Amino acid sequence: MVSHLSAIVFPAIIIYSVVPGSSLFSWHPTLMSIAFSLLTLEGIIIFSQNSSLFPNMSRASKASIHYLVMGSAVTCALVGFYVIYLNKENAGKSHLTSWHGLLGAITVGYACLQSTGGSLAKYYNYTKRFLKLKLADLKLYHATSAVLLYILITVTMLLSLQTSWALNSIPNLLWYACFACICTSTLVVLLHITSTYLPSKQQAKP
């Protein structure tokens, strides 16, 4: 259950520190933390035998929930990205001037591509005529790509803790709790993908 606690505690601390609605900017960390800490993590580990909240649910049902949760995560991320864009426009500031901003934009874009890949797999009966891939291979590429996506998410969230807002607004103990939550979530996700999905696909090949 540690993974679920990490998924909840990080956005809870961010929401406590930023107070959503107190400013336009406040919605950026709020939406991004919900998108990438809570929804993305839960959307991935729903397939885990050890960490899923629905261990006895059929894989088809889990896949449908995964699709909805990840779609919600991408939507939150896009709105959060638009919020920070609009906030900087209103303040007359330049865009993508920090590593956090640059990697954040790359992460949001990659999340959209990852979501597209998931849609191709979910609706494979309709998309297979346009694809030259087997469904098993498409799922393998989707899972492998998820590793890269979560590494980008991890680096971006760690960099977010180095922004002036985080350093000035998040109390010291809570700052370290955020750091621990990010590391814990990343460990859970990467272990789940690499140990339960990728090896089984590789072993299935002759």
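Cβ from N, Cα, C; glycine included.
Curation plays no part in TrEMBL annotations; they are all automatic predictions.
Given the structure is predicted, the values throughout are model-derived calculations rather than measurements.
The feature domain 'Cytochrome b561' is assigned by TrEMBL to 1-200. Summed and averaged per residue, pLDDT over the domain 'Cytochrome b561' (1-200) gives 92.
The transmembrane segment annotation in TrEMBL covers 7-25 (among others).
For 31-53 (among others), the entry in TrEMBL reads transmembrane segment.
Look at TrEMBL and you will find 65-86 (among others) tagged as transmembrane segment. Long-range contacts of the transmembrane segment (65-86) within its own chain (CB-CB distance under 8 A, at least 6 residues past either end) are made by residues 24-25, 27-32, 34-36, 39-40, 42-44, 46-47, 54, 57, 95, 101, 104-105, 107-108, 111-112, 115, 118-119, 122.
Same-chain neighbours of the transmembrane segment (98-120): 32, 36, 40, 66-67, 70-71, 73-74, 77-78, 81, 84, 127, 131, 138, 141-142, 145-146, 148-149, 152-153, 155-156, 159-160, 162-163, counting only residues six or more beyond its ends whose CB sits under 8 Å from a CB of the stretch. Look at TrEMBL and you will find 98-120 (among others) tagged as transmembrane segment.
According to TrEMBL, the feature transmembrane segment maps to 140-161 (among others).
The transmembrane segment annotation in TrEMBL covers 173-193 (among others).
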Residues from the same chain, set at least six apart from the ends of the transmembrane segment (7-25), whose C-beta lies under 8 A from its own:
33-34, 37-38, 41-42, 83-84, 86-87, 90, 157, 165-166, 169-171, 174, 177-178, 181-182, 185
Within-chain partners of the transmembrane segment (31-53) [C-beta distance under 8 Å, separation at least 6 from its ends]:
3-4, 6-8, 10-11, 14-15, 59, 62, 65-66, 69-70, 72-77, 79-81, 83, 104, 107, 111, 146, 150, 153, 156-157, 160, 181-182, 185, 188-189, 192-193, 196-197
In the same chain, who gets a Cβ under 8 Å from the transmembrane segment (173-193) while lying at least 6 residues past its ends?
2-3, 6-7, 9-10, 13-14, 16-17, 37, 41, 44-45, 47-48, 51, 143, 146-147, 150-151, 153-154, 157-158, 161, 166-167
